[in-house]
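Right, one structure below, let's go through it.
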Amino acid sequence: MKGLIGRKVGMTRIFTEDGVSIPVTVIEIEANRVTQVKDLENDGYRAIQVTAGTKKANRVIKPEAGHFAKAGVEAGRGLWEFRVEDGEEVTVGQSITVELFADVKKVDVTGTSKGKGFAGTVKRWNFRTQDATHGNSLSHRVPGSIGQNQTPGKVFKGKKMAGQLGNERVTVQSLDVVRVDVERNLLLVKGAVPGATGGDLIVKPAVKA
């Protein structure tokens with residue numbers, strides 16, 4: 001199996017035996033419950049669908065309620081999919097815990113970054129500001145020229161300009177696993193992960209480990 005769903009609890013630090021301080025992010029990984037198993041015959045690929053956490057009964061729509069009831073699991077806060085390797089046997093209703101990462105050294109963590117709203121080029125792309133004085137009165141933080149002339153006669157796609165910053169899917173790769181606490185369903189990784197406290201995270205063994 002490729003990963004688990006967790007929730008960002010926050011950041012703290014722990015100390016090694018040598019007294020070195022390590023900044024860590026605490027990720028709570030409650031048991032992921034398998035709601036569906038997909039196979040080559042019916043779906044064209046092998047994967048499992050999981051849910052995590054809980055959702056109030058009055059917030060569960062009827063199609064979701066039926067789906068969870070069919071799987072025989074408690075309604076969770078969402079549905080996610082992970083590919084599975086050939087030979088891996090996973091059954092509907094099975095619970096998968098943070099113990100999955102017991103022997104993993106590095107992980108990739110995916111989340112939704114904090115939204116910053118509409119941002120200018122200085123904040124969004126680290127553009128330099130223009131002169132504060134020397135005749136410049138209104139163009140201190142503007143991007144400047146965005147193109148050439150009649151040739152090519154257009155602004156190229158991908159041009160860095162002002163716009164929405166943040167609130168997008170981001171993956172941080174190869175974070176060191178500092179501790180796996182099976183009793184408390186916690187995973188401690190070195191460094192920061194995307195998103196706000198309480199946000200959902202997808203944690204997978206690192207592809208570049």
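Each Cβ is built from the backbone N, Cα and C atoms, and glycine gets one as well.
Swiss-Prot has this to say about the protein:
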- Q150: N5-methylglutamine (MOD_RES)
- 133-152: region 'Disordered' (REGION)
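Long-range neighbours of the region 'Disordered' (133-152) within the same chain, counting only residues 6 or more positions beyond its ends whose Cβ lies under 8 Å from a Cβ of the stretch, are 120-122, 127, 159-162. Helix, strand and coil content of the region 'Disordered' (133-152), in residues and according to DSSP, is 0 helix, 2 strand, 18 coil.
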